[in-house]
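According to TrEMBL:
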COMPBIAS  1131-1140  compositional bias 'Polar residues'
DOMAIN    24-96  domain 'CDCP1 first CUB'
DOMAIN    102-203  domain 'CDCP1 second and fifth CUB'
DOMAIN    211-281  domain 'CDCP1 first CUB'
DOMAIN    288-390  domain 'CDCP1 second and fifth CUB'
DOMAIN    398-468  domain 'CDCP1 first CUB'
DOMAIN    476-581  domain 'CDCP1 second and fifth CUB'
DOMAIN    590-687  domain 'CDCP1 third and sixth CUB'
DOMAIN    793-884  domain 'CDCP1 second and fifth CUB'
DOMAIN    892-1003  domain 'CDCP1 third and sixth CUB'
REGION    1124-1155  region 'Disordered'
SIGNAL    1-20  signal peptide
TRANSMEM  1014-1039  transmembrane segment
Amino acid sequence: MGFCGACALLALLFVSSVDSSEPFQTTVKPNKGSEVAVSSQLPDCTVCTVSGVNDAQSSCQPSLKLEPEKEVKLLFKCPQPVEQSYNVTITSLIECTKDACSPATVEVQSSLLSKFSRTFTWKLKAPEKTLVSLKVLRTGLTKAPHPCSDGRQYSAVTSETSKEVLTRYCEGGSETQLDLSDQGVVTLEAKPNTQVESVLFQALAAPMKRVMTVTIGPASTVVLTRDPGKEECDVCVTSGASPDCHATEKTLKGAEKLPLEFRCLKPEDVFTVKMTTNIGCTQTSCSPASAEMDPDLFKGFRRTLTWDVTVPDRTVLTLGFPGLKEKSASENCEDGIQYTVSTMRIDGQMRTSSYCKDGTASQLELFGKTTVTVDVPKEGELDRTVFSSTAAPSRGRSLFVTSDPNTNLIITKVDKEADCQICVTEASKQTCKPQMYRLKNPRNASVDFTCPQPQKVFMVEINKEIVCTQTSCSGNPVQADNGFFPNYNRTFTWDIKVGTTQTFHLDFPGPGLRQIPNGGMCPDGHTYSVILYLHRAAPATIGTFCKGGPVTSVLGQYKGRVTLTVPSDVNLDPPDFQLKVGPYSEVTAIVRVKLPRGVSDTEFITPNYPKDFPDDEQILWDFSVPEMHNYSVQFSEHSAPECLEEGAAVEVEYQKEGKNPTRTALTGPQPQHQQGGFNLTVKNCKTNLTLPGLSLRYSVSVMRSGHPVLCTLDLTKQEVSVQIEKVGSDPLCEIRKDSKEEKTIHVAKGETAKLSFLDCPNEDLRLTATELIACPNALLCAPTLLSVPTLDPCLPMPLHSFSWFFTIPHEATLDLVSPTGSLRQSLSGQECDLSSVVGVGEKDGFFIGNFCSNGEIQKLQVHSNISITATPQDVKRSKEPLLNVSVSPEIKESIIYRISPNLTSPTILVTPNWPTGMKPHSSVSWIVDLPWMHHAHIKFAISGLKCENSHTRINVKHQEGGSDLLDINESEKMSTENTTARQSFYLNVTNCQPEGRDQFIVKATIVLERKTNLLPILLGLVGAVLLLLLILVVVCVVLRKKKSKMNSQSSIYMGKGNIFRPNDGHFVKTRADNDSHVYDYIDDSMVYGHLLTDNENISNGMQVDSYQTFTGPTDNTLPVIKEPDPEPKGQYQSFLSPSDTFLPPRPRTPIGRQDSLGFQDRRMMDNELYTFKSTGDMNTIRLSGADMEPQLPIMDESL
């Protein structure tokens, strides 16, 4: 026997050595009353009892039950780790009477098989209606549906036979007691090697009851109802001498701290709570003002809370919620809390809506009696304030309506469930209707709605009747009035009627219309329809249209209707359409279509599609196809009717202008890849109405034909550069230079380029040309006469603008003169003709102004590089000379104008870049020459500013000396100034560097007035005559004395040269004794040579064949002439001296004007024999630099 045990032990050891896991052996002894079971779900794992001498005997099986209080040695064998391979269940029984339990303390054999996963289970046995409470002795519990982190998880169920779901707990919470009943079960699951406390619960027994205290408001009623099929449970009110108990239903009314007793373990699973509260409202308030609910009242029960709210008539009830969203009947709320609002309509019917939380509806406006119900599940959490309630008199909505004649308003109710009606007051009489109201030609009618948001309930049709005469229609152009019900769903309808021998013609300008399927809606909310009322058939819908398409006009016979549908959330923005009377047409309707350029595929349908086209009617589409495009027609869907007449059929006819029509059938071939506009006519026959009729849906495809316009632009013989720019938005327009597509083409001077233009209208291209004129040496620059040159005729587009860019040295100035004599600046009210205007600007982009011919400006001088731009409008006129540009010496100002004011109208002078400010740190001058016997009134309009540095200044001064007429700067108040100039004057304006965005702008208005004081003139003439007589007398006396002293010697001092005597040996005889003063002949070319030249300006250079002062020999030193000191540089100079700007320095001579050889009589000009060409007064002109008298004006010839 011993040998056999030893063999068994050796075999066991051998098997253990083969296994991958070491066996585990332990000795256990379960406590009394505990049932211990050890099991494994793995097939190779067993638990063995070991006994006998040297543990030689063993019995192994997958599961094993241990007897209480019996020690046993166990051996666990498993190829897997034993801790994860075995489960241990320890089951104990707790027996209770009605007032005690055994054991009273629930203990755990914590060391029993702690290496494995253990499940401790306690089953309860108690009498009926007995509550067993297990008090947690250590750390409280908390409900936790997920596994516990410490490896110990509790679970409980009130009855093992019930269908109740286990409630799971973890340690570390506020639950200190588990309430159970007969057959209740409590379990503790411990993971391997997890320590378990030895004492867990204290078991108590007592009669089963649940006690609570509730407070119910005076306006509330609570009904507790036991759900059928649930366990029996009495609810008792214990406030009286004896408990008032009910087994199925108990009603509770307003009470303070009412004690309740439920005689079951979980009354929340048995009873449903229904609470009803009344809220009464007047027209101004509600009581109570809010629906309050104690969140802990019957917490854990399924509750249905109802508030009945009563309001008087014509009262708006406003309920405020924390935010609701309406739900459908099949939809469930996420948190289980559902709100239901029911209100009594005017017609006596109830309207009910359901909502969930977390929505955007924070207010509900209701009428009449209202019921609010909130369904709260057992786990639901409800706020203390459920909603607020306010009442106010029914405000509704009121509108005053006044329309044009022949206008009808039809207000129709579309929300049949809405509690709202229409009341219209006309002539102090009010009429109310619930569904529809028609107003014909309303005049000061008041329309009242009994609901606050009638735009959600009603739609409005605005109907106008348009009656056309033989030549015109009323209400043209046709416009939709946005003043009618702007926030409502609106349908504008226009009923049009013409004579039986006429048609009405609808023109849709601008973007046109696009046809869509009948019944469709447009993206922008503006949906058009055109309907015809035919003589022999029902109305036919010609088509439904949206804005933005190729349909430009529709023609119809006799009578028709145009509709425009606009929803309430869309602002009315329709294009006006024109209505005209057209001639009679056999065609029922004509639709004119202007197909777009480029690739397109446009769909069209017959009237009433997809329904039948009327019998014996025809429709015509007039298609305009763009040039250089091909079109194709494709019938996509159609139905052919059965014609009643023998041989009759539906006809499809195509016709082009100037060609015979082509007919085909619905199933026949349609035009493909053709060009030019065409008409498509569809004619129906008399059909069998019992069968499907005629319907057609087709498309017209357009594509480019691909023939570009070619141009070889040769600029090798022109000093011109060309730029061509795409300015249109058409993406199909292609411009190429030397086969490369460009957005902007540049062709420089001297270059040759091959250009091509594909599908580019002239208005989509902009052609500009420029010419650079450089003058490196001011002395060698010849005057330039500007005229727009002719460009290559292969360019298909017109010239938009031509610019000349002038560059000159810094010491030079550009003079601009009109070929016709004078210039005029284009100003507001004095605009130039666009065909002859030129724009002048400085090189830095600063604009000077626009100018044209025939004005007050004799010359414009600019001291900078400039650009001159012409925008020719007329090809013939653009070839005429526009401006004469020459180079002159440097001027000190930036710009100088030479002005001859207008005698008949005011002359306006403005600063450069008008009406914006002049350039900072620049100066401009006007030299104004007044006509003889005129003085000028000058009125200034000045924009004041602050200077950052330097100063602004305005100075007016007479040309012939004298003090300043006006001299102001920015420190003085600049707004309007007036002054008067008695003779020709200078005007100088200087700008500073303005602060910020300030601008310096000056406008001067010159008005001439003729001098009327004749006394000084008469006295001057008398004085002049006396002076002439005196001079003649003196001359006669001198001549007599010279003759008497002819033989006497005399000498003459010359400033330069030697002293000589006329009677020296060099002179043999006197002038009187010889013939030196006698001419054999006079050479006219020598005497009158200055008349043979074109240039009359004699101020620069010497005069030929005219008297010159003898200067004598040049070998002696010249006498020194003391000149006044020049003004220091850098100081402000309000004006330039005319000698510094236009004329060389001139001598100051004291001789009189008529005695000076620098003057000649204007009456003797332009006449070879110097004969007088007029008998007027002597009018001299200046030939030298001598000063002129202030009374005489500067003449044009002096320029």
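Each residue, glycine too, has its Cβ placed from N, Cα and C.
Unlike curated records, TrEMBL annotations are generated automatically.
The structure displayed is predicted, hence computed values, not measured ones.
The helix, strand and coil residue counts that DSSP assigns across the domain 'CDCP1 first CUB' (211-281) are 3 helix, 47 strand, 21 coil. When the domain 'CDCP1 second and fifth CUB' (793-884) is classified with DSSP, helix, strand and coil residues number 4 helix, 45 strand, 43 coil.
For the domain 'CDCP1 third and sixth CUB' (590-687), DSSP puts the residue distribution at 0 helix, 46 strand, 52 coil.
Only pairs six or more apart in sequence are counted, and the domain 'CDCP1 second and fifth CUB' (476-581) with the domain 'CDCP1 third and sixth CUB' (590-687) gives three or more Cβ pairs under 8 Å, enough to call it a contact. Note on the domain 'CDCP1 second and fifth CUB' (476-581): mean pLDDT across this stretch is 86.
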